[in-house]
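**Q** Relevant sequence annotations retrieved from Swiss-Prot are reproduced here:
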| type | residues | note |
| --- | --- | --- |
| BINDING | GLY12, ARG73, SER74, GLY103, ASP104, GLY105, SER106 | ATP binding site |
| BINDING | ARG22, ALA23, THR24, ALA25, LYS26, ARG156, GLY187, GLY188, ASP189, LYS215, LEU216, HIS217 | ADP binding site |
| BINDING | ASP104 | Mg(2+) binding site |
| BINDING | THR127, ILE128, ASP129, ARG164, MET171, GLY172, ARG173, GLU224, ARG245, HIS251, ILE252, GLN253, ARG254 | substrate binding site |
| ACT_SITE | ASP129 | active site, proton acceptor |
Amino acid sequence: MEKKLAILTSGGDAPGMNAAIRATAKIAEYYGFEVYGIRRGYLGMLNDEIFPMTGRFVSGIIDKGGTVLLTARSEEFKEARFREIAANNLKKKGINYLVVIGGDGSYRGANLLYKEHGIKVVGIPGTIDNDICGTDFTLGFDTCLNTILDAMSKIRDTATSHERTILIQVMGRRAGDLALHACIAGGGDGIMIPEMDNPIEMLALQLKERRKNGKLHDIVLVAEGVGNVLDIEEKLKGHINSEIRSVVLGHIQRGGTPSGFDRVLASRMAAKAVEVLNKGEAGVMVGIEKNEMVTHPLEEACSVDKRKSIEKDYELALLLSK
């Protein structure tokens, strides 16, 4: 029986997705799979945007941000009748293997294809938010972190010149990993993340102490899951006398050349994904834990909120920000 494997990217784009597409295609070909690409994620599967993927298609993309397969969100895919159409579009081409690169929403769609239609699916975690359970790191997190650090350095220049307190809102959805790591690596002076209580009075007290100790500017990292940074700015104004500004980094965090770490991680995850499918396993995601490649059921990845033990890192960030 001929083995045919399709690749799609879904949800928000993340640096490293192209490296994962490239490695998946190359390794799948090595194992004897005929490789197909699906444009625009599940929307493209539904609209039959499925095409044979040649080696030329993945040539020269390892260092490119975004995704050459494009990505989109599909509300229709949440309905069983549309998922059946999408699955049939695969089956009529003889495709029974699928690698899905994306976040938890992408995993839910993949798990339904596996459960309802028997499509042999493996997920690769691609999201800058680092909010997928079953893996220490997701594709794009490291690159995004470095983008934030670069922005912090520039913002610190103006904060220092004007003796200001600047709040920087970063992405992450419900997870504070980006803000936490950026605070530690970038020498942040305060942090607010959704996993921990964030009383404005505590932050204000910390900033006042910095002023007493002769510090004349502050950089505070605010994870988007905490709330609107402008609201936080207004509340903080009632507690401290220094001039406050807010910066929302926004979609610059999604783009850029993927870091070496993300390219290697993408390649390792892709190799594991194809290896798993070649062995006849499916319905799982691949991840990295303690530098080892692992798999976990997609169902588990979809149903469990990622709750890492972040207390020690949070305490470290607070200690270093004094």
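Any Cβ shown, glycine's included, is placed from N, Cα and C.
In terms of burial and nearby residues, how do these features look in this structure?
**A** In the structure as shown, the Cβ atom of GLY105 (ATP binding site) sits within 10 Å of 17 other Cβ atoms. In the three-state DSSP classification, GLY105 (ATP binding site) falls within a helix.
ASP189 (ADP binding site) falls outside any helix or strand according to DSSP and counts as coil.
In the shown protein chains, 23 other C-beta atoms lie within 10 A of the C-beta of ASP104 (ATP binding site).
Following the DSSP three-state reduction, the secondary structure of ARG245 (substrate binding site) is strand.
The secondary structure of ASP129 (substrate binding site), as reduced to three states from DSSP, is coil rather than helix or strand. Neighbour count (other Cβ atoms within 10 Å of the Cβ, all protein chains): 27 for ASP129 (substrate binding site).
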**Q** From the centroid of the CB atoms of GLY12, ARG73, SER74, GLY103, ASP104, GLY105, SER106, the recorded ATP site, which same-chain residues not already listed sit within 8 A by their CB, in sequence order?
**A** SER10, GLY11, GLY41, GLY102, GLY109
**Q** For the binding-site residues listed here (GLY12, GLY103, GLY187), which one has the lowest count of neighbouring CB atoms within 10 Å of its own CB?
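**A** Result for the binding-site residues GLY12, GLY103, GLY187: minimum number of other Cβ atoms within 10 Å at GLY187.
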**Q** Of MET171, LEU216, ILE252, which of the binding-site residues has the most Cβ neighbours inside 10 Å?
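**A** Result of the Cβ crowding comparison: MET171.
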**Q** Which of the listed binding-site residues (THR24, SER74, SER106, THR127) has the least company, meaning the fewest other Cβ atoms within 10 Å of its Cβ?
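**A** Sparsest of the binding-site residues THR24, SER74, SER106, THR127 by Cβ contacts within 10 Å: SER74.
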**Q** To the nearest whole angstrom, what is the C-alpha distance linking ASP129 (substrate binding site) and LEU216 (ADP binding site)?
**A** 31
**Q** Measuring Cα to Cα across GLY12, ARG73, SER74, GLY103, ASP104, GLY105, SER106, which the record gives as the ATP binders, how far apart are the two most distant ones in Å?
**A** 14
